[in-house]
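Report on the following structure.
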Amino acid sequence: MASFVKFANTTFLDARFPLFKNVSFELARKQNWAIIGNTGSGRTTFLRCIQGSFTPSPSTSFSYPFLKGKSDSPWQAIQLLDFKSSGQQRAAYYSERYHSFRDKEHDTTLEKWLLGAYRGNEKFASQHVQEAASMTQLSHLLPSSLINLSNGQSRRAMLASKLVQRPQLLLLDEPYAGLDVTSRSVLSSLLGEMSNHCSPKIVLSLRPQDKIPDFITHVLELKNKKITYQGPKEQYIPMTSHSTNIPVKPQMKKSKPITIGKPLISMEHLNCVYWGRKVLSDINWTIREGERWALTGSNGSGKTTLLAYVVGDHPKLFASNIKFFGKSIGPGTGISIFDIQENIGHCSPEIHNHFPKQHTCFEALLSAWSTTFTIPKLTETRLAAISSILEEFELKDIKDKPLSSISVGMQRFILFCRAIVKQPRLVVLDEPFQGVDTKYVHMAHNYLNEKLSPSQAMVIISHYEDELPACVNRRAHIDNGKLVIHA
């Protein structure tokens, strides 16, 4: 039986520059592969090589045996879905944080959106949409508004948008990024069911710290665009078990004793309703100096909406009972939005999606002193702060590179650094380590554990317990818009 894809000592070129040199790889019909590697290892590029996005040399060394004698083109038969890239990650839905910026007139249903994604004969469009929705357990949500989909449902909607094309091979780049435990389990079950029926065949990319799904049979490991292992999953020694020459201090087992100081943010009886749906319900929360909060909750629970209030970036802010740094928001004796944001460092998937990728890494850090993404004046104080961060996280070699030229994971890490560089009174980290290598996560933990001052506070969101730094000394959980603060 013909294999799906075959490289035989192939060099892949992009504008005559080699991406991978002399690689050999074969995807057999009964195999499901995981491409594993650190940020910048070439995972996404390798998936695009499989898709046929780059020039193979020699041309005869690369083939799609499963298409031999068929009229299907590779671009029809092979679909690539990049969950971590800017823009695409939010393509299927509107983020909670921006719900209230949207007008119902611009909303659409899931069914209409999937019909719009279909590229085949219109006569079969409805049938293909129904089948794709069934495969992703979304049939009951077809009449629903995209706005009301949770993160996990939206991820499945993105998957359905590719399945409507009926691909024979589906390439998924970091499909589990940003999903809570339940959503990861549901998605894994769906992908496993598809793989059992070989409809479609699945290849996905993962970080070294990600759990390899049960349905995966083979692993290909990449390091610096070179294959370091390919073969059965059972024989694979995970990259995280390899020895490393990178000195990384272990996380502190206990957080430093810190005196809890005065309130920085305080909210009372906060409610938020979008078109009849109560997103936040009677929230009472105070964030004080010295506190290191972990805010948890499932996808769609209201976390991001709550943080939009915390950072002063919600359009209903003026109608809410919130004090920032001891002052109410508003004219006169109140505090302005600009004053609020000047005292807060913030990173999130939304900021990453909207951040200008033409900025260099240095310029991205400098923009921390701007209330927008523009580049403010460079002063000696700012230069010293940026230089310290570049030194702290070993980023000097990339400081002059545009964000567009580095991996998505490194882009997100630069924006984490942007959130801390000016030592703001409040650091707000919404999924800061999505797609970030373990090395940099450890370095970030060491900084947060040891170098946040007693007068600073922190709030961090993550769906992975091991992405929370040891300095966390307060926890809150949000469920269906209700906040529970743990002792």
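Each residue, glycine too, has its Cβ placed from N, Cα and C.
Look at Swiss-Prot and you will find Gly297, Ser298, Asn299, Gly300, Ser301, Gly302, Lys303, Thr304 tagged as ATP binding site, backed by sequence analysis. Take the CB of Ser298 (ATP binding site) and look out to 10 A: across all protein chains shown you find 20 other CB atoms.
Residues or ranges marked as domain 'ABC transporter 1' by Swiss-Prot on the basis of sequence analysis: 5-249.
The domain 'ABC transporter 2' feature in Swiss-Prot is assigned to 265-487.
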Report summary line: Thr304 (ATP binding site) falls, by three-state DSSP, under helix
Query raised in the report: For Gly297 (ATP binding site), which DSSP three-state class applies?
Result: coil
Query raised in the report: Once the chains shown are all counted, how many other Cβ atoms turn up within 10 Å of the Cβ of Gly300 (ATP binding site)?
Result: 22
